[in-house]
């Protein structure tokens with residue numbers, strides 16, 4: 001069975017390539033616009049059909065036109081040709097178009113390389129455990145097709161390709177693992193591709209709280225952070241995770257004015273034992289380093305905001321891990337600056353008249369800010385407020401009035417906002433704090449999970465002497481939301497604050513989810529978090545002091561070993577050295593003559609060669625003839641001895657040094 | 001500069017000489033030794049390496065550990081594939097060689113029988129002699145492969161060095177070896193000159209032999225059409241040039257006297273042309289019934305017929321000094 005060396009790709013090979021390209025691009029369907037995915041799918045169907053029917057590749061003008069069309073589609077559909085989404089779309093579509101041109105083996109190889117690249121771009125959008133599985137299967141598929149197109153047709157070809165690909169992939173694991181751990185990692189991006197609108201990070205807590213913002217977040221079961229407590233976990237009532245603090249109110253929205261006065265960093269004084277927490281925070285493209293209320297410090301670059309929130313220098317667009325120290329009992333800003341006080345009391349000049357009236361009523365005969373807050377809490381508890389994720393509409397102009405006196409149904413953001421409004425109207429400095437409340441212990445692994453569903457908002461009021469104090473109006477309305485937090489995690493709290501019943505199915509589901517989370521946590525901790533910092537730590541543990549030096553030493557050692565091995569091979573490749581000293585001396589003479597352009601032909605006996613050349617060398621001709629004669633005598637005459645041999649060697653050496 | 005070039009030239013020459021010297025040579029069976037295998041990346045392998053570098057830069061830029069994993073894994077697989085390519089060739093042995101005779105200037109066909117102790121088949125090997133077009137095939141426990149080599153001049157021709165190459169399994173590396181078996185084939189003289197000398201006695205007749213003459217029949221000539229002749233006997237081609245029809249006339253098969261092809265009868269031509277002419281006559285005579293005799297300066301063969309006689313004649317022509 002013979003075949004040309006690089007003939008045209010056969011029908012089966014072409015179909016295998018189409019299938020592979022479809023498989024590695026399939027993951028992009030999730031994050032490309034639907035119409036682009038549809039376009040790609042159409043192209044795939046076209047190519048699959050054409051290769052199935054064994055049609056020749058379309059003419060050049062059609063392929064060129066399709067290429068231009070794809071560029072135009074991406075440009076007009078996405079608005080640009082650069083950036084992550086556009087780049088990935090172009091790559092996937094170009095790979096599909098390349099399938100229409102599979103005449104030669106080289107085309108097949110190009111498609112294979114493109115498939116590797118397409119698979120790599122999938123990881124720009126997600127690096128979850130599921131994607132790791134996709135990587136393994138995708139890699140196996142790619143290598144299988146690699147082998148497939150490099151074998152000859154015959155029975156069992158595909159089975160052999162799969163087997164060989166598996167062998168290759170498995171054998172490569174140790175080396176790949178070593179490279180992964182030891183390859184020098186550089187921190188930070190080398191360049192920026194694409195704008196913020198392309199960012200794959202999902203939104204989380206933001207620095208604006210308009211009605212519905214938190215309740216929308218709370219519908220998601222995505223993990224916001226994972227925490228590991230040093231020592232016992234704090235009691236459920238203390239599991240407040242502090243996020244952004246909002247000072248200003250306008251148009252029904254709590255936010256932080258960009259032109260607001262610069263407030264000094266918060267002054268936190270621990271009043272008891274502190275709690276250390278290691279937090280793995282998911283990427284949310286926000287600068288907040290969420291920490292247990294109230295954070296004192298963290299082990300990465302941060303600044304402490306005026307609201308005692310840890311703020312990173314840049315938005316966090318990758319999963320990060322950090323260690324924080326928090327004080328459960330603390331005094332926060334016992335002395336309030338004038339600017340902060342003014343900001344914590346500011347309200348729009350008009351609006352919500354009934355709320356303002358209520359504030360005046362509550363403020364009568366109260367001697368302290370705390371007592372006033374207590375009265376407000378009691379007022380909320382005494383009226384039939386409903387805690388719900390789907391509050392009815394309120395009028396935009398007097399939203400707080402509507403909420404407190406008409407609808408009386410809302411989520412924590414409504415309660416926190418209304419409480420702060422009420423307090424400010426009564427002359428008490430107050431602010432909104434957003435973050436998370438509660439945590440769920442992981443079943444597999446010593447850590448706690450905080451989900452977006454735990455998103456929460458509460459109020460803080462300022463008291464002379466003690467500073468900022470947490471007031472959580474949600475507790476007055478739905479105590480279950482705070483006091484009966486799902487301690488063992490099996491009950492989930494629905495929007496009404498009622499705990500759901502426990503069924504066997506729920507338990508199974510719960511266990512499955514927890515197992516998945518445990519694997520993800522391990523994945524995040526051991527695989528995804530591996531970067532320059534962890535590598536440095538590993539190098540230090542290996543006894544190589546700095547990462548640079550370690551890499552240099554390893555590299556030099558490796559290169560040195562390889563160089564030694566090559567030198568050894570080169571040495572072994574040297575022409576075999578003749579043991580006969582006479583022959584060696586004669587070879588020297590031959591080399592000398594060859595350098596002057598008079599080499600001995602292979603068939604020529606030594607004396608004949610010398611006789612042929614002697615006439616061309618007036619000065620050294622006789623010498624050469626004599627040498628040749630001596631050489632032949634020494635080689636073939638058994639009567640010659642050591643003295644003649646040494647004499648010949650001397651003469652040969654002299655001859656080689658002459659000018660010829 | 002000149003010194004550098006001299007050094008590089010010397011190194012390259014030395015490497016080539018070393019490779020040539022180390023090609024397993026001698027009597028069969030010849031084994032592809034694991035230490036005489038050479039590996040270099042193919043162009044595809046080079047592009048693949050560039051892709052790996054691109055992936056690594058991208059992974060570093062995005063701090064993307066899965067992309068790192070993919071890049072390192074692909075790279076490691078490429079390295080492992082190098083060993084698999086090596087394994088695909090190593091240990092294969094050339095068990096037998098058979099040459100089919102050829103004429104000078106034609107293609108020499110070698111039938112190479114390969115054997116392998118390992119149970120795994122050797123996949124997609126490209127086998128070529130010298131710079132001829134390679135033959136691509138799989139080789140199981142035993143396989144015979146036909147390879148061509150251009151037959152040079154008449155006489156004994158040594159087998160060219162065998163180049164056996166594998167790009168299996170991924171096409172990223174080219175792994176090859178040389179085998180130099182001490183083997184030669186006989187190249188007959190090229191076939192040239194005029195046709196059919198042995199019926200020159202029938203002078204005046206047309207020398208060409210129309211293809212329609214049946215084997216065993218001798219073409220005598222044309223005559224005028226007579227009533228009773230069949231249409232099939234009419235030579236239409238020649239009749240077109242006359243105003244009357246011509247009919248082919250043939251003799252009933254008789255045993256012709258043995259043809260004699262003598263070297264000395266071609267006195268005025270150069271040596272090789274004479275040998276080519278004799279080769280042509282021998283081949284044509286062998287295709288016809290009847291004996292023939294070949295007279296060369298040093299040998300006289302025949303008269304006889306049959307395959308063995310033909311081979312003996314051609315061998316004698318090939319071995320002429």
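Backbone N, Cα and C atoms are what each Cβ position is placed from, and that goes for glycine too.
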Identify the transmembrane segment range according to TrEMBL, selecting from A:524-547, A:548-571, A:572-595.
A:548-571
TrEMBL annotation (transmembrane segment) - matching range among A:131-149, A:188-206
A:131-149
Match it up for me: which of A:161-183, A:207-229 does TrEMBL list as transmembrane segment?
A:161-183
What does DSSP give as the helix, strand and coil breakdown of the domain 'Transglutaminase-like' (A:404-475)?
24 helix, 30 strand, 18 coil
Please give the average pLDDT for the domain 'Transglutaminase-like' (A:404-475) in this predicted model.
89
Per the Cβ under 8 Å criterion, with at least 6 residues separating them from its ends, the transmembrane segment (A:548-571) contacts 182, 184, 539, 542
